[in-house]
């Protein structure tokens with residue numbers, strides 16, 4: 001190998017991370033502010049070698065460098081015998097045509113739904129040898145066995161997990177991932193600060209997994225019934241860090257899915273043109289904080305939606321400050337509302353409280369419209385407050401008092 005070529009990272013005996021570090025990406029799914037990784041894994045059995053997932057189109061040079069390095073380390077012939085494709089999405093399958101071209105005799109193991117998806121994405125695979133798998137199916141690599149577990153809609157219809165039995169490693173694809181990009185030799189959860197890891201884990205769940213929360217709980221039940229839960233020693237997702245403490249992330253997912261992660265916390269989201277709605281937002285915050293409620297404030301001039309929904313995930317209440325423009329809500333508010341519609345936060349075990357407020361001219365109505373939208377998104381709207389132009393001291397006092405009242409409702413909420 002050339003000195004500058006990418007190196008593999010060993011994660012267990014005969015198992016290597018051979019993925020890609022994407023230091024520069026900032027807009028994949030709109031929330032990769034710290035970059036991301038496209039994790040791929042090699043499993044060396046005594047007789048066969050399996051490659052689990054791959055990388056985004058145009059990024060495969062790193063992956064090939066790491067794959068070659070792993071083969072050299074193992075002293076094995078450069079030959080991939082088994083290709084496992086846990087998920088169709090291009091950040092995990094983009095190099096599949098290259099891999100198939102280089103190793104045309106290697107069968108591609110995936111779900112039945114994935115076969116059609118892969119052929120649609122990559123017409124060059126139309127004659128590839130696909131092996132359709134179902135939950136419980138296995139492939140023997142010689143001393144190492146891979147077991148497949150279908151996971152439809154976690155998070156695409158084609159998704160599946162792969163479990164390396166003897167090593168206790170669950171290759172979970174997108175589930176349990178995070179959009180983080182740390183150096184190749186820092187692949188494990190324990191290699192980075194815990195608060196960074198868990199914050200990224202919460203953000204990933206909020207933006208990708210929230211609408212699937214009921215399926216998450218159902219899949220955990222299935223894993224328990226199959227007797228796999230106690231066998232999992234490590235979780236190797238397709239983005240970010242590898243979990244050597246799998247129960248930490250499993251519990252986090254359970255708490256997110258059931259609402260048990262919720263704190264006495266409120267998220268205030270607002271935009272403003274002439275700072276009237278901003279003044280109201282700050283007054284609401286003071287009222288909430290006076291009762292000991294944690295407050296997170298987002299100003300849509302500068303803040304983006306993926307950070308906002310991360311904080312909504314463990315909050316009990318949201319407040320939306322809405323300026324009126326031509327008798328309609330300010331456009332930036334509409335953006336986040338449409339995003340919330342898809343995320344369906346009411347599937348996470350409880351309904352979060354909501355308050356809408358804002359300044360208006362003319363006939364107004366934006367506050368009521370967003371209240372209606374929030375109700376459709378699964379929030380319990382308990383108050384609306386709309387006023388003309390610049391708020392007076394009395395009106396700001398009203399905002400403060402409504403914040404205090406909301407704080408009391410938050411404290412009364414019990415999530416079982």
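Keep in mind that glycine also has a Cβ here, set from the backbone N, Cα and C atoms.
Residues annotated as Fe cation 1 binding site in Swiss-Prot, with similarity to another entry given as evidence: 87, 89, 155, 174. Positions annotated as Fe cation 2 binding site by Swiss-Prot, on the basis of similarity to another entry: 91, 92, 174, 239. Annotated FMN binding site per Swiss-Prot: 272-277, 324-327, 359-364, in sequence order. Residues annotated as domain 'Flavodoxin-like' in Swiss-Prot, with sequence analysis given as evidence: 266-407.
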Checklist line | Among 87, 92, 155, 239, 274 [binding-site residues], residue with fewest other Cβ within 10 Å | finding: 274
Next item on the list: Starting from residue 174 (Fe cation 1 binding site), work out which of the binding-site residues listed here (92, 239, 272, 324, 359, 361) have their Cα within 10 Å, and give them in sequence order.
Entry: 92, 239
Check: Over all shown protein chains, what is the count of other CB atoms within 10 A of the CB belonging to residue 326 (FMN binding site)?
Finding: 7
Checklist line | Segment confidence, the domain 'Flavodoxin-like' (266-407), expressed as mean pLDDT | finding: 97
Next item on the list: Taking the recorded Fe cation 2 site as 91, 92, 174, 239, identify the other residues of that chain whose CB atom sits within 8 Å of the mean position of the site's CB atoms, giving them in sequence order.
Entry: 38, 39, 53, 87, 89, 173, 177, 237, 238
Next item on the list: Specify all same-chain residues, apart from the site residues 87, 89, 155, 174, whose Cβ lies within 8 angstroms of the center of the Cβ atoms of the Fe cation 1 site, ordered by sequence.
Entry: 86, 88, 92, 154, 156, 159, 173, 238
Next item on the list: Specify the secondary structure state of residue 359 (FMN binding site) as given by DSSP, simplified to three classes.
Entry: strand
